[in-house]
Amino acid sequence: MLKVENLVAGYSGIRALRGVSIDVAGGEFVAVIGANGAGKSTLLNAISGIIRPTSGTVALDGHQLEGKPAHVIARSGLLQVPEGRQILPDLTVHENLRLGALARHGRTPDFDIEGILKLFPRLEERLKQPAGTMSGGEQQMLAIGRALMGAPKVLLLDEPSLGLSPLMADHVFSALVQLHSRGLSILLIEQNVHRALEVTQRGYVIDQGQVVHQGASADLATDDSLIQHYLGQEPATA
Amino acid sequence: MNYFSQYLPLADIFLLALGFAFSQQVVLRAGVFSVATAGFASLGAYCSAILVTTYGWPAPAAIAASLLFGTAAGWCLSLPLARLRGIYQAIATLAFVQVVIAVMLFATSITGGGLGINSIPKSVGTGTLLAAAIITGYVMFAMQRSGIGRAFDAIQQEETVAAVLGVSIRRYHALAFTISGAIAGLFGGLQSLNTYTLTPSSFSFTFVIMVLGYIVVGGRRSAWGPVVGVAFLTLLPELSRGLAEYRPIVTGIVMIAVMIFLPLGLADTFILSLKRRKRQGNLVEGGTHVRSAS
Amino acid sequence: MIAQQILNGVITGSIYALFALGFTLVFSVHRVLNLAHGGVFMVSALFAYYLVTSGVSIWVAAVAAALAGGVVSGLIEIVALRRLRRFPPHVMEFAALITTLGADIVIINIGHKLTDAQTVRFPFGTFPNVFFNLLGLRISFLQIAVLLTVGAMLLFLMYYLYRTPVGLKLRAVASSEKAARLMGVNPDAVYLQTFFISGVMAGIAGVLIALSFNSISAHMGEPYMLKAFVIIVLGGLGSIPGCVMAAIFFGVAQTLCVVYLPPGAPDIILYSLLFLVLLVKPSGLMGSAAAISIVGRRA
């Protein structure tokens, strides 16, 4: 469904991404993990068109997307939930959700506002309030809900658990699992390696702007030396 | 746009404009978006003109008074304004300029109102202007190399970083206002004793625009910026007569084009590209470090 | 007598509001003070003048002038601002002032050449010169038209911003351009639209103000630009209703000052007031109730 090949990109002359190839099949839940500064967010932003890749290809359902402006890529069904959520703080929750629907571009969404409120019941009582007044976890739910309103073919998530309490992160991850079970293709970028590998099917490890490892998430999760070496994290204790 | 009478020798036009451009640059350099130069210049000009015509002061004393008056005005204005930022500062200083113009129009008995002050004896020639411009330019160069220059740069680039580095933003903003007031007061005084007449509209919105234009075109950082900007905007159209009629239109187009293509201004872009070339030479030697930096 | 002065002040204020609404709209979406707004305003008035003198009715001329204003304003966005958005906000803020100033200088001087630096006037009887007496107050048909236009513009903007999908996009871009792009909103299109609407408003204002004072000159926008600064600050930087309230407040205050104070003094007082408001209450004089910036209901 989503096929990224040899993607090269960077900021102001520094090549943060040096030829990355990944793919996400229809209905698949894939993780990209890596240490801070490994190039994960650059990868997502290059896919979404926030930064323009210098070379390489991005294809969604066989349509080439690389080099197109971000809003065109979003309308074609590749919807990103950006790092730090980027909800529109001055707009109400309801308005934020309505905004998400603008990216549909003729596709029939699996979720309308009611469906999203079922997925995230906490948002219901907050519909009329400015999104900026909610907690970080609620904002993350809103950001995911907003992307779902746009009928994504592939949902891209950039560090959804960043800055959330463990309890809130649980809520978010279980919602993602639910979405996956309903057939949505998801590409998840996470620093929280253990949680990411728990919920996903496959994973890529990125280091210094390149894919250094890939495989089934369960296998990656048990490879302690890999995790220690590339991610600088202690192996799972729990 | 021709607030300088076209009968003035070209050198005088250039040198006066250069002085005002320095005054404008000091504030922009420090990250203060002030357009108060017009107000300071007006105060300085009226100060000298009134002292000479009404009270019969000798020219040097009157100009010294203008300098002091400008300095004081800059310092006073800095007290409230150093806390504002960006667009707020721009609008507040524009309000200051308007208040000065309105006061000059209103206080007819002292300033001559809309008719202004006429037949001011001409006691400032090209030589004096040149000396003043060179001294001001030297001060600007010296400041560029001193700690003040570095503090200004830090503030302009990133205020939070500057604050972390222990640079007191308010103090440096106040300093920038004061220096800007001093330079504008001085050159305002010089102008009124150079050009025979003075009206409130000599330092109006048009003046604000022209002076901003000098710095935008020339550059905000290097002391060469004002020189290049003033030369570009005053001398070039004057020298090519056919263009003189379209001078304002050319100025407008140049302002847009420079901001879009060379946002740092002519002088700064040139200096930066020289530095880059130097640095790139160094980078090739130490090229192995680049990878780990990414 | 005082009632008549207040009414005159309200009308003067409405004239300021006509001018300032489009200026405020651009500021609230872009955070850009479009210094070429006065130029657009002048171009439209001049365009209407040429149409009227070549035999077109004032109503048709006004519509054409409004559209012309929109087109010129859109061009300014494309030429002078679009390419600046790659800079970080604080650089963009400064650069935008300079490029719009440059655009204004170009427009004004083209107008200067077209009019030969003269003030031109609509032919006598272009607009029906009818007066009404209401409760002892005198008001002209044109003044009523000004009041109605301000009201209509305000209603239109509020409806457009808060009740239409386009308005939602616009507020999204104003709130966070990156997030809006990720939701499939094309910021270029939004900015262009904003400038077009702002230009149409400047155009309508240009024609009405030119009719009100029956004079059109290249520099006619400048005094209004200065007043628009005052109004945008008093109204709470980017609030649409705040803008109208501030404009009317300003108009009444100015009219009363002119009547009861010696000539020349009102300007000193009004600009000093602007200065003080910026120092004491940069969020605007109109209070938090009116400070509904277009991106939402800010406290």
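Cβ atoms are placed via backbone N, Cα and C, with glycine included.
Annotated transmembrane segment per TrEMBL: C:6-27, C:34-52, C:58-79, C:91-112, C:144-162, C:190-216, C:228-256, C:268-295, in sequence order.
Outside the transmembrane segment (C:6-27), and at least 6 residues removed from its termini, the chain residues within Cβ reach (under 8 Å) are 33-34, 37, 41, 73, 137, 139, 143, 146-147, 149-150, 153-154, 157, 194-195, 197-202, 204-205, 208-209, 212, 224, 227-228, 231-232, 235, 237-240, 243-244, 246-256, 294. The stretches the transmembrane segment (C:228-256) and the transmembrane segment (C:144-162) are in mutual contact, each linked to the other by at least three Cβ pairs under 8 Å (pairs 6 or more apart in sequence). When Cβ-Cβ distances under 8 Å to the transmembrane segment (C:91-112) are tallied for each of C:34-52, C:58-79, C:190-216, the top count falls to C:34-52. The transmembrane segment (C:58-79) shares more Cβ pairs under 8 Å with C:190-216 than with any other stretch in the list C:34-52, C:144-162, C:190-216.
Within its own chain, the transmembrane segment (C:34-52) is flanked in space by residues 19, 22-23, 26-27, 58, 60-62, 64-66, 68-69, 72-73, 76, 80, 96-97, 100-101, 103-104, 106-108, 111, 114-115, 120, 122-123, 126, 195, 198-199, 202-207, 209-210, 216-222, 224-225, 228, which lie at least six positions past its ends and keep a Cβ under 8 Å from the stretch. Sequence-remote contacts of a segment are chain residues at least 6 beyond its ends whose Cβ falls under 8 Å from one of its Cβ atoms, and for the transmembrane segment (C:190-216) they are 15, 18-19, 21-23, 25-26, 29-30, 34, 37, 40-49, 58, 61-62, 65-74, 76-78, 81-82, 115, 119-122, 126-127, 142-143, 145-146, 149, 153, 160, 166, 169-170, 173, 180, 224.
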